[in-house]
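K.L.:
Could you have a look at this structure, given as structure tokens, before my questions?
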């Protein structure tokens, strides 16, 4: 099995909250695709609660588009990581990390402005696979934590696992 890019960085020294360019690629038609690691929690030390991350998934996708789309950028998808420590965001374009961090903070401020659980988008059995598993309170707690701690930038060259470590891990 090929080694995925996300497993070549050292999660023991990864900072959070932080933005990291996880991958860049060019389509056959020349479009630039960038995948960002939006790390909400320090790996193996913190985790987002399942109801909170699910609610955040519904809110974050729209709010990030409000603040980041335009000027050569269009978000394709924002999805939570299985480990519940962050989200991956795939987009067309190559915005710098600070632009992404600023949009992320603005989106978190928007989450804090949601006044009622009934205002969560697509919160019904037709549009959500587990529509009972939501918590606006938990999502807002996550958003407040991001704003209180601020968002930094994780650089791949600082997080790269040495080849010796990858060999030791039998990868």
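Cβ coordinates are placed from backbone N, Cα and C, and glycine is handled just like the others.
Copying in the features that Swiss-Prot gives for the protein in this structure:
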type	residues	note
BINDING	54, 58, 128	Fe cation binding site
K.L.:
Does DSSP put residue 128 (Fe cation binding site) in a helix, in a strand, or in coil?
P.N.:
coil
K.L.:
Within 8 Å of the Cβ centroid of the Fe cation site residues 54, 58, 128, which other residues of the same chain have their Cβ?
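P.N.:
After dropping the recorded site residues, what remains is 55, 57, 120, 122, 123, 130, 131, 133, 134.
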K.L.:
If you run the three-state DSSP split on residue 54 (Fe cation binding site), which class comes out?
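P.N.:
In three-state terms, residue 54 (Fe cation binding site) counts as helix.
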K.L.:
Given the binding-site residues 54, 58, and counting only Cβ atoms in the protein chains shown, which has the most within 10 Å of its Cβ?
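P.N.:
Result for the most crowded candidate: 54.
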K.L.:
How many neighbouring Cβ atoms, not counting its own, are there within 10 Å of the Cβ of residue 128 (Fe cation binding site)?
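P.N.:
Counting Cβ neighbours of residue 128 (Fe cation binding site) within 10 Å gives 17.
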